[in-house]
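Novice: Per TrEMBL, the features are:
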BINDING   D36, D82, D226  Mg(2+) 3 binding site
BINDING   D36, D82  Mg(2+) 4 binding site
BINDING   D53, D130  Mg(2+) 1 binding site
BINDING   D53, D82  Mg(2+) 2 binding site
BINDING   H60, E279, Y336  substrate binding site
BINDING   Y112, G129, D130, R156, S228  ATP binding site
BINDING   D229  Mg(2+) 5 binding site
DOMAIN    34-148  domain 'PurM-like N-terminal'
DOMAIN    160-316  domain 'PurM-like C-terminal'
Amino acid sequence: MTENRRDEFGLISYLTGRQKVPTALGERITVGNGDDAAIVAGRTGYEWIACCDTMVEDVHFKRQTMLPSDIGHKALASNISDVAAMGGIPLFYLVSLGLPHTWNEEEIAEIYDGMATLALRYNMALIGGDTVAVPGPLTLTVTVLGEVEQDHGLLRGNARPGDAVFLTGTVGDSGAGLDILLQEQWGVANVPVEWMSLANRHRLPEPDVKAGRLLATSGIRIALNDISDGLASEAWEIAEASNVRLVLEEAAIPLSAPVLRYADMSGNCALDWAFYGGEDYRLVGCVSAEYKESISQAFAEKELPLYWIGEVQAGSPEVRIHWQSGKSTTLPKKGYNHFNGER
């Protein structure tokens, strides 16, 4: 059921008025919402990070699997994760909505509330955006601006032979969560308590900003990427950007206990979700093996998870998996391709 909505400018004013601006960031906003563009002040010794992601109804989410507030949370989280993958601090965000008549004002407000709740946790401020009526489906585009210390950005092309490969958390949880949410008998409203943690990993991902910052401030050469399309796809991006071969150990891939239980119950392969499920928003990276101990200690002191899952070798760009059986094979890229709709 739909309701009448305010006109464009009234809706923008209503939605932006629901957002709180952290005091420290407010001092950096010269011109915020209400003008043709925002003006914000940079800091000496830092570089800007800019990223943008779009979510489209029935492509990136379904009403069956996500509440309106979940959609807002995830749209912002995916961008924050991109900033984390550069080792940066997320600061400002802009939101553009393509709104079909099938979404009412209350649902739209809930989308913004989902973003606002997450933004407050990271001390971020909304500084602009746009709304437009569309015949359908709902389209949500979020742009995030962040910053990182000059020359400290962590790039995919930084991997070198002899590096160790690491992950900042378990993978496959979001893929399993999506499978759970797509079950007709459950959906977003009736997920069994046993599987709620997996469903929430899909609906409400938490970017690894603390891990990214710890790595960026270490002063060590590190290659980093966030896992949005799946571990296989992101590892391939590092291999290609760095012109190296990544060799991953099957036995070292971190899988949570709920993922293993649900895979066993449903007859699925947990590693398929880990490699190809995507949207885990963990960080995968490479660092010289000589720093494994110090990096591990730094993560332990901050009580952050860290897993060592392989090594970097010289060779043509490739990602290989060393199976527990002793065999070694090329790991297909897959990942989600938005232009052919396949993984």
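Backbone N, Cα and C atoms are what each Cβ position is placed from, and that goes for glycine too.
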Novice: Please report the Cα separation of R156 (ATP binding site) and D82 (Mg(2+) 3 binding site) in Å, rounded to an integer.
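Specialist: Counting only the Cα atoms, the answer is 12 Å.
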Novice: DSSP on the domain 'PurM-like N-terminal' (34-148): how many residues come out helix, how many strand, how many coil?
Specialist: 35 helix, 45 strand, 35 coil
Novice: Rounded to an integer, what is the Cα-Cα distance in Å between D130 (Mg(2+) 1 binding site) and E279 (substrate binding site)?
Specialist: 26
Novice: Given the binding-site residues D82, G129, S228, find the one whose Cα is closest in space to the Cα of H60 (substrate binding site).
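Specialist: Nearest candidate: S228.
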Novice: Nearest to G129 (ATP binding site) in three-dimensional space, by Cα, is which of the binding-site residues D53, D82, D229?
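Specialist: Minimum Cα distance from G129 (ATP binding site) across D53, D82, D229 lands on D53.
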Novice: Quick one: pull the CA-CA distance for S228 (ATP binding site) versus D53 (Mg(2+) 1 binding site), whole Å only.
Specialist: 11
Novice: Looking only at Y112, G129, D130, R156, S228, which the record lists for ATP, tell me the maximum pairwise CA distance in angstrom.
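Specialist: Greatest Cα-Cα span of the listed binding residues: 32 Å.
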Novice: What mean pLDDT does the predicted model reach across the domain 'PurM-like N-terminal' (34-148)?
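Specialist: Residues in the domain 'PurM-like N-terminal' (34-148) carry a mean pLDDT of 93 in this prediction.
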